[in-house]
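Copied from TrEMBL, the annotated features are:
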type	residues	note
TRANSMEM	B:6-28	transmembrane segment
TRANSMEM	B:40-60	transmembrane segment
TRANSMEM	B:72-98	transmembrane segment
TRANSMEM	B:110-132	transmembrane segment
TRANSMEM	B:138-164	transmembrane segment
TRANSMEM	B:176-202	transmembrane segment
Amino acid sequence: MGAGHGGPLGAAYVAGGSVVHRLEPHLKLVAVLAFALVVVATPVHAGWAPAAYAGYAALVLGAAAVARVPAGRLARGLVVEVPFLAFALLLPVVSRGPRVEVLGLSLSESGLAAGGGLLAKATLSVLAATVLAATTEPRELVRGLQRLRLPALLVQILSFMVRYADVVGGELRRMRVARESRGFRGRGPGALRVVATGAGALFVRSYERGERVHLAMLSRGYTGALPAGPAAAVPAQAWLVTLSLPLTAAAVLAAGMLLG
Amino acid sequence: MHVPDGFLDAPTSVATGVVAAGTVALALQRARRELDERTAPLAGLTAAFVFAVQMVNFPVGAGTSGHLVGGALTAVLVGPWTAVLCMTVVLVVQAVLFADGGLTALGTNVTLLGLVAVGVGYGVFRLLLALLPRTRGGLLAAAGAGAFVSVPVAALVFVGLFAVGGVADVPLSAVAAAMGGIHVLIGIGEAVITVAVLAAVVSVRPDLVHGAAHLRRPSDLATRPGLRAEESLR
């Protein structure tokens, strides 16, 4: 029970005290979104596109270095891309248009550019989002979304989910340990029934926990809104520091468009 | 598997973003009607459940494993509007904390997995519920069919979006056939898991299942025999 923050959500955060860790969460969210927009806006078929991607990569890896995010953490962040890696590799084979010979394979020129562009853009955005998740606690991210005017009810649902994901995940883990210590081996259709019954029990437990949480909140005077203190004003300098990442990326994009 | 940044062009991303924002706004209103001020804790805990279950890999056989999307299952368990909110919250957490699904593609992902998967799954479920016998078996069959249909339909809607706003020039029929074929298989897994989980919940706590309201019998503690309702009021 006292496992602390070892759950799935806590695993995304790398504790630290760097400049990047201390930035305001809502500004970091804006910065990562703006960076992704700049990356996405880069034209795929331009000749200077690879140079621009290299520039963006240098920027985001620089931010990761300042934040002291370990390389292994960045690599693990990239794992989510794997299904799209397959899609991007397929594009040059199935795309139409003029073909080129590469290592004896006839590949589509536009497909190569499109597949490569997709892969580069997805990788850069994933890297930026990984740096964000590694330097910001889940609770702080929810607070950031709140300051960005996400609807209050959605923020409440989100904060409950973040608060209890590790509790629910922990129950699931204990169920698995209990199953396996009784000799369960997950194979075949019979195993599905066992695992699904566990998942059903998990739903009942989660829902009942939600009811208990609600009653506990009512007894503490909950009326449908959570009290929040006034948000501190953010100095212009903080904006400038946080947005330096997307602004520099935008400068790289503009340079490519003007010179390329 | 979520759409990353840069997969669809700007107009398509913006359009799906507007659709997603409208859906979520409507769902926020309707879910409050389904759950009143209990919405936040119950939807939050249900979202945590969906998130946890998505991380379980069920053995499917032949050395492969799959995990649940959960759109249809959540809709049957807690109602469609709450389900839209749960799926949206799970997608936001996956995008912000795990970089799974791009931030600029969040609208697209909410449209596909929140709106389409939940809407189609629940629509098919309600339709079959009206046609099939009003029994436990009918309920499970309807939910399984809804779960099965929701996955390939969401995949085909994605192919449609790719046709409108994709960044590569690929033969669409081939992409549609490949995506449809793969997702029919995934849909079978989704249906089996949905039915198994739902069967477990219905046999323990049928009162918690939103879609099983018609199976609930009135309490056996009725009025005294021989005493009619009007008389008991006097």
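A Cβ is built for glycine as well, from the same backbone N, Cα and C atoms used for every other residue.
The stretch in closest packing with the transmembrane segment (B:72-98), judged by the count of Cβ pairs under 8 Å and taken from B:6-28, B:40-60, B:110-132, B:176-202, is B:110-132.
Comparing B:6-28, B:40-60, B:110-132, B:176-202 for CB pairs under 8 angstroms to the transmembrane segment (B:138-164), the maximum falls on B:176-202. If one looks beyond the transmembrane segment (B:110-132) by at least 6 residues along the same chain, the residues whose Cβ comes under 8 Å of a Cβ in the stretch are 2-3, 16, 19-20, 23-24, 69, 71-72, 74-76, 80, 83-84, 87-88, 91, 138-139, 141-143, 145-147, 149-151, 153-154, 157-158, 161, 211, 214.
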